[in-house]
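Here's what TrEMBL has on this protein:
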- B:57-267: domain 'ABC transmembrane type-1' (DOMAIN)
- B:6-26: transmembrane segment (TRANSMEM)
- B:65-86: transmembrane segment (TRANSMEM)
- B:98-121: transmembrane segment (TRANSMEM)
- B:133-153: transmembrane segment (TRANSMEM)
- B:246-271: transmembrane segment (TRANSMEM)
Amino acid sequence: MRTLLEKSVPLLAWAGFTVLAGALAAILGYIVMRSWAVLHLSLLFGDVAPIDAIFLRHPVFDGLFPAVAGTFLLVLIAVLLAVPVGMAAGIYLAEYAGYRMKSCLSLLFDILAGLPSVVVGLAGFSLTILLHKVFPGKIGPCLLLSALALCFLILPYLIRTTQTALESVPLSLRQTAPALGATKLQNICKVLLPSKLTDILGGIILAVGRAAEDTAVIMLTGVVASAGIPRSLFEQFEALPFYIYYISSQYTNAEELQTGFGAAMLLLVLCGILFLLAFFTQQTLSRHFRR
Amino acid sequence: MGVLFQLAAYGCGLLTIAVLVMMFQLGRPLFVDGQFFSLLSQVWQPGQQLYGIYPMIIGSIRISFLALALSFPVSLGTAFLAAGLAPRPMQRWVLAMVRLMAGIPTVVYGFVAIFLLVPLVREHVSRGSGLNILTASLVLAVLIAPTMVVFFVNGLRGVDQSYCRATDALGATAVQRLLYLQLPQGWPTIVSGVIMGLGRAMGDTLVSLMVAGNSIGVPTSIVDSARTLTAHIALVIAADFASMEFASIFACGLVLYLFTMAVVIGLRMLVHLRTGSDR
């Protein structure tokens, strides 16, 4: 009986791995195959010259540029909002909070991290409604509110990354600066944070990836299928993941579908690059510090 | 400066509570004479003033548990390879592949599934649209596998090195070490991985929205189309903010919130169990 079990386990393991690797190969292969034909600059810019499009001299109607620009702006605002707050909260948790406060807060952050993104989107949607009641006619679903909701989504990751990075600073390094007369704040800003900068940077890059791929949050807070490039924070916008979702259900001809595959490829490459970047950032750190 | 850090932390903590409070506030029609609980067991028939979310709860549970059941053996097998069975250089490659999979956007999984998997299911398994529980579960199984594999590998590799050397010295094979040392020692982390996987499957919106079919009946078989709680939130955008239809999305939100709380608290209890048994 035991030998039978022992013999079947490697079989199960290799079978499982083959299934997973096969699924991955099928997904990647299929997207590459279907999007190959549309992968050139006109996918982004349509008939408009790229320079004109980037400097907003000419609107792009049949390219992905507005969606890419929308996603870029959205992620930029969300990350700018979330990074200072998330890092500050992480620093508090690691360096200042007492035991009871710490366990209470980390429970709340764990719940926030675990919330399905559609619930975070629903919170953003609720916020929109409440703001609409306070300022009637002035605030509706828009870029700023979407970015704010995305910021809620990535905050817990940033907090957790900062906290674990700071807590993993070895005691010898942690005590050096205070022994030389540095204040607690000087120690945090000049010793602890710089020593773990790459760790935190890796976490931020991962948060960017998460913000870029999320669809459910923005669906409920202001993304639309066609809006052009937003000219203010209070306008609706387009985004790459939502475009992919929209095409999957609303495409009318083969050409649109092709563009959809092109968009999927673009988002895939974007997230892949972010992931590799985060991975290598964190790898170089750990090697650097072992020496 | 320290005060600023404190403010940021308290603000983020309050945010978690604010999300809950806002849902209560906007879902107020739900809490008039205990309607919330009757909503949980009613069907969805707007024509007869029935706005129950029972079909969505069943849909969510069926889809995520089936995804978990499909994904568990695959993930465990992959984790076995990465934690000891495969040759060393390959272990790294397996983990790299899993990380790459975790980075694929959800919407891309859904998009590929619609054009690749749905026609296959339609032709070979079920008649009709091919948008059903089985299809959604298959995609979700792939989606949650990376999360589970990472937890499983951490659990299996987290075993004390001295124990591993002891089993090796006794002449145990890699398989025996996995089965009789690493698996029994690492089980709390493995259970954590399963819970995380379930949480991800339950919380995913795009895949079920795109390939589960979104029908509002109570699903009776795995080739029935179904709507999940998450998809319901994404689908209902009613204009009348006082209507029960509108309130029902907050009922879904509350159920998902409570589910998340249960998951987080469950994971914490597991961690306590593990640290407790070490003492």
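Each residue, glycine too, has its Cβ placed from N, Cα and C.
Just going by CB pairs under 8 A, the stretch in B:6-26, B:65-86, B:133-153 that sits most against the transmembrane segment (B:246-271) is B:6-26.
Outside the transmembrane segment (B:6-26), and at least 6 residues removed from its termini, the chain residues within Cβ reach (under 8 Å) are 241, 247, 250, 253-254, 257. The list of residues near the transmembrane segment (B:133-153) in space but at least 6 beyond its ends in sequence, with Cβ under 8 angstroms from a Cβ of it, reads 59, 62-64, 66-68, 70-72, 74-76, 78-79, 82-83, 95, 98-99, 101-102, 106, 109-110, 113, 117-118, 121, 125-126, 186, 189-190, 192-194, 196-198, 200-201, 204, 207-208, 211-212, 219, 221-226, 228.
Residues 94-95, 98, 133-134, 136-138, 140-145, 148-149, 152-153, 156-157, 174-175, 177-178, 182, 190, 193-194, 197-198, 201, 222 of the same chain, all 6+ positions outside the transmembrane segment (B:65-86), place their C-beta atoms under 8 angstroms from a C-beta of that stretch.
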